[in-house]
Amino acid sequence: MAAAVHKLLHPHRSRDQEKEEENERQKSATEHARDEEKHTLAQWGEKKAPLEPGQIDKHPDQKMVGHSSSVLRKDDFELIKTLGTGTFARVWLVRVKNATDGDENQVFALKILRKTDVIRLKQVEHVRNERNVLAAIAGHPFITTMVASFQDHDSLYMLLDYCPGGEVFSYLRRARRFNEPTSQFYAAEIVLILEFLHQREGVAYRDLKPENILIDAEGHLKLVDFGFAKKVENRETYTLCGTPEYLAPEVIRNTGHGTAVDWWAFGILVYEFLVGQPPFWDQNPMKIYEQIVEGRVRFPSAMSAEARDLISGLCTVDTSKRLGNISGGASTVKSHAWFKDIDWDALYHRKVQGPIVPHLRGPADTRNFDEYEPESIHREAYTKDMQEKYEDSFKDF
Amino acid sequence: MSLPPDYSNEISSLSREILTHQPQDVLQFCANFFLRRLESQRAEFLLSHHHSSPKGRGMAETTFPGGNPFGTSPSHTATYMQRLDEEDENDHVASPTAASFFPNSAMDRAQSHPANEDTFGNFAGFGGFGDAFNTRPRPSGAPEPQPFPNNYNLNRRTSVSAESLNPASSDHSDWTPPDHPKSPEQQARLREAVASNFLFSHLDDEQSAQVLGALQEKPIPTKGIKVIQQGDVGDYFYVVEKGSFDIYVNQSGKLEAGPDGQGSRVGSVGPGGSFGELALMYNAPRAATVVSAEASNLWALDRVTFRRILMDSAFQRRRMYEGFLEEVPLLASLTPYERSKIADALETKKFPPGTHIIKEGDVGESFYILESGVAEVYKRGNEKPVHRYGKGDYFGELALLNDAPRAASVVSTTEVKVATLGKNGFQRLLGPVEGIMRRNDPSKLQDADGVDPFTRSS
């Protein structure tokens, strides 16, 4: 039946047939490689051991995670539930299909991007950055691990570890705001992430906000969505991106920006943790931007002096005075009085208990994620023209 | 019979913990583990019910007013983005920075009030939120508290991004902004029209001239022409030179078909006014429909041109400063990254002719690079200048190293533009200069100490 439909849909039968035969020949070898790869994935999923910074730096081919897979396919995964949607991507909770014994319970998050949408929304460069950055940093304890990436004719796939705790955003909105110890714990894990991204990888993340921070099964953070992350190293970059309330003044003024934008956004984040909403807001986004470039942060009277001092240091318009960007980098943030109770080494090694450890019924529990609208049936075809023009950009995916 | 999944899950996370921590006292460790789990679950539970249990200990503080305003679904998009600003709006929209923590009594009071009147920016999905955060006089009558905005959007926020801009790529390197001719009167009118806009008020003279030059005339021949449509993608910002325009907002967020499709008229804009400025940031849907009320004349500027003007001038300025810095022997051991940080921190200053930029004998605090113009160096006892500085020359750099008095005076001959950075700024960015210079060659420090920068060429 499937073959008959196939025939109807594909009048150029002879060519297809040739292809199929060729496929048959390669199939057994590929099948074997796929099964092996699936088993490896599942094994990684079992342990999820974080790597030391020195191990993360290895080439993706030399560590267990972060490589581009030529054998994995969408069919290898059963799509269970949508975990999140973006303008050109959808993230699914997936289970490994036809897994070997003992591996069938391993779940992952699969981010699926349609090539046509990526092209239409001019995000080709961003998507490439995202994959490459995630590959380079796979293994960090507080960053989503890209286990593997792969692609097919019209889509790109990133297989990520699943964080069953859901978004910090949801907890924050439910709580309205976090108390100081909770804010300090989460903020401190973010500091470790930024320290690593900036000082070890030369990467600016560029979209810090509670929506992009997940809580894993053990109550630690995972930073997700590296769509705007970019290896900037020592050069400034100019493309405006981020989230309105979190944009740094230099991004708005287009004077060139670098990793310092993450320290600005980090200040906004700490403020939002403690207050329940970011410091600069207006219904009219232009008014938000006007407030941001003016940079006058006002604090609720109940906020502690240390917290005010930290936020003022981070949300400093002049990047040459901004905490985190000045001499000493992240260490100036780590040694700030607001973080005086943090044992940074224990924190990196996940030895500090987080304030929320999600209650879960097994590893595939999705109770901490919201319901999303089903995917629209309408899909633009990935045309030959597009393929000719862009396929090369996706070749390493 | 299999074990309940909850149990298996708890046991496997306990096993993981035991593997990580390798406790000596296993029993105590297990007991602690379960106590922690219990505490964390309880905290989570209390958190979701905290409005009914104000004394709950958890990760949230409970002194904050507000019930549970979170009945919204993630499919609600950030509709707050989609409206045009009106003059009187600020009366209602309190500054979000003015947050203040109310005591519980204030919270109860606020909740008992009927819904607030500011319906325009409120969203049905927020339930009681508007009430809870509506601001009422404090019972105590204390002079504070500044109001917490009653309409902060609590939904997930959408990321935004503009076209990729890359100054280093070859196709942009010889780009020059378009220059559309204007009469001096038009120039003046346009300059004034954009002067109050923060996106333009930060521009230097050259950027400002380029931006004004890039404004392109768009004559609107008659009444009833839709210049922008609510919900459409926005690429252009418009300044009204003459004529007038009506602004319509449809509550649905976009222009709809039919006679009332553009919604209700919320205002108008006349000569010297402008609209569509968000389009200069990124491609966001238009917040309103703007229709000509008579034959008019508009000037338009597109986002890519605007942002490229800003980028190119910033890029050139940075590279110029980096180039200048490379020539300063005292800073020879800076890495390119450090140089770029210093270049970013340099501050531009302008001086009229005849200004003493530095004075002999003063304590030096900043160093200077001459960006344009001419300055002369005077030393006490010499009537004539001992040296002349032009573009790219630098002076006063020893101030970064020590507090010795200035060895000479530098006086501007023409109007000059300098880039300057103080010792504090330098140390803040890179640490002590001595350390940086010692990095490559410890002997340099000695040499530099002996150098009088004002006698280089004499």
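Numbering starts at 1 and runs along the chain as displayed.
Even glycines carry a Cβ here, placed using N, Cα and C.
No curator has checked TrEMBL annotations; they are predicted automatically.
According to TrEMBL:
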BINDING   B:GLU277, B:ARG286  3',5'-cyclic AMP 1 binding site
BINDING   B:GLU397, B:ARG406  3',5'-cyclic AMP 2 binding site
COMPBIAS  B:149-170  compositional bias 'Polar residues'
COMPBIAS  B:171-187  compositional bias 'Basic and acidic residues'
COMPBIAS  B:437-447  compositional bias 'Basic and acidic residues'
DOMAIN    B:199-327  domain 'Cyclic nucleotide-binding'
DOMAIN    B:330-447  domain 'Cyclic nucleotide-binding'
REGION    B:127-187  region 'Disordered'
REGION    B:437-458  region 'Disordered'
With DSSP helix as H/G/I and strand as E/B, how many residues of the compositional bias 'Basic and acidic residues' (B:171-187) fall in helix, strand and coil?
7 helix, 0 strand, 10 coil
Hey, which of our binding-site residues B:GLU277, B:ARG286, B:GLU397 end up with a Cβ under 8 Å from chain A?
B:GLU277
Round to a whole number and give the Cα-to-Cα distance in Å for the pair B:ARG406 (3',5'-cyclic AMP 2 binding site) and B:GLU277 (3',5'-cyclic AMP 1 binding site).
48
Give the sequence-ordered list of residues that share a chain with B:GLU277 (3',5'-cyclic AMP 1 binding site), lie 6 or more positions from it, and have CB atoms under 8 Å from its CB.
B:ASN197, B:LEU199, B:PHE237
Using other CB atoms within 10 angstroms as the count, which residue among the binding-site residues B:ARG286, B:ARG406 scores least?
B:ARG406
Pairwise CA distance, B:ARG286 (3',5'-cyclic AMP 1 binding site) versus B:GLU397 (3',5'-cyclic AMP 2 binding site), rounded so that it is a whole Å
51
Would you report the average pLDDT that the model assigns to the domain 'Cyclic nucleotide-binding' (B:330-447)?
86
Do you know the DSSP helix, strand and coil residue counts for the domain 'Cyclic nucleotide-binding' (B:199-327)?
41 helix, 41 strand, 47 coil
For the domain 'Cyclic nucleotide-binding' (B:330-447), what are the DSSP-based totals of helix, strand and coil residues?
38 helix, 37 strand, 43 coil
Over all shown protein chains, what is the count of other CB atoms within 10 A of the CB belonging to B:GLU397 (3',5'-cyclic AMP 2 binding site)?
22
